[in-house]
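The active site, proton acceptor annotation in TrEMBL covers D36. According to TrEMBL, the active site, proton donor annotation covers D176. Look at TrEMBL and you will find S9, H67, G143, F144, G145, G146, D176, G177, G178, G198, S199 tagged as substrate binding site. Among the features that TrEMBL reports, divalent metal cation binding site is placed at H34, D36, H67, D176.
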Amino acid sequence: MPNYRIAPSILSADFARLGEEVRNVVTAGADIIHFDVMDNHYVPNLTIGPLVCEAIRPHVQVPIDVHLMVKPVDRIIPDFAKAGANIITFHPEASEHIDRTLQLIRDNGCKAGLVFNPATPLNHLEHVMDKLDIILMMSVNPGFGGQSFIPHTLKKIAAVRKMIDESGRDIMLEVDGGIKIDNIAAAAQAGADTFVAGSAIFGKPDYKAVIDAMRSELAKV
Ligand code: DX5
Ligand code: ZN
């Protein structure tokens, strides 16, 4: 069985109590904290930046996975690295120089990855596989929590799984958007190993019950 990881998205957390929220979700079994950065330009919503990353950093030991939905990308990367990010991903449409942005993330000591929207072609992967630590597949269009999983993205996840396996490299395959207890196994079957879930976890009173239920679904795959 692959090493499955659950990455709650704090987008659906109570921002007035964020320190407590991230501590609670890690105690409940989260492996990673997923941190959604939106700029009201690349996506039609505005969320959180490096200051908030720095504020939650002392509260948890697990990796902080910064998903940049911003354009341009490069200027903000060193700020997130200084704020304690461990993983930084960005959308290829948002960078003029994808190879340079990946290198910039690595030079700042973080794991680097590309994010593919449901309709973004995968051709960039051909050229940068050796610079990727993670590939993030969107199963909704980015911008908001609480949207419904788009089923045709499963085929695309499977295609990326094949590319990763053929590369022989150790690259995480993360899925993001509309992941719930009842579809996490399908995403795992398609080849994902890291599962972002926002509203499914933070929208419920008992985080541990949800994470445990997700893990028992994954155990059946
Ligand atoms: C969407 C974000 C997701 C989102 C996931 O643009 O990238 O991380 O918060 O939330 P749910 O799990 O509610 O779809
Ligand atoms: Zn995200």
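Please read every residue number as a count from 1 along the shown chain.
Cβ coordinates come from backbone N, Cα and C, glycine included.
TrEMBL: automatically predicted annotations, no manual curation.
With a cut-off of under 6 Å between the Cβ and any atom of ligand 2, the recorded positions D36, H67, G143, G145, D176, S199 reduce to D36, H67, D176. A sphere of 10 angstroms centred on the C-beta of H67 (divalent metal cation binding site) encloses 26 other C-beta atoms. Here H67 (divalent metal cation binding site) is positioned 5 angstrom away from D36 (active site, proton acceptor), judged by their C-alpha atoms.
Residues S9, H67, G143, F144, G145, G146, D176, G177, G178, G198, S199 make up the record's substrate site, and a Cβ search at 8 Å around their centroid adds L11, S12, D36, V140, Q147, V196 from the same chain. According to its DSSP assignment, S9 (substrate binding site) is in a strand.
Between the farthest pair of Cα atoms in the substrate binding residues (S9, H67, G143, F144, G145, G146, D176, G177, G178, G198, S199), the distance is 16 Å. A Cβ within 8 Å of the Cβ centre of H34, D36, H67, D176, the residues given for divalent metal cation, is found for these other residues of the same chain: A7, S9, L11, F35, D65, T89, L136, V196, G198. A helical conformation is recorded for S199 (substrate binding site) in the three-state DSSP classification. A Cα-Cα distance of 4 Å separates S9 (substrate binding site) from H34 (divalent metal cation binding site). Between the C-alpha atoms of G178 (substrate binding site) and H34 (divalent metal cation binding site), the distance comes to 14 Å. In this structure, the active-site residues D36, D176 were compared by how many other Cβ atoms lie within 10 Å of their Cβ, and the smallest count belongs to D36.
Cβ-based neighbour count (10 Å, all protein chains) for G145 (substrate binding site) stands at 22.
Annotation for G143 (substrate binding site): spatial neighbours M38, V43, P44, N45, M69, criterion Cβ-Cβ under 8 Å with sequence separation of six or more. Put simply, of the recorded positions G145, D176, S199, the one whose Cα is nearest the Cα of H34 (divalent metal cation binding site) is D176.
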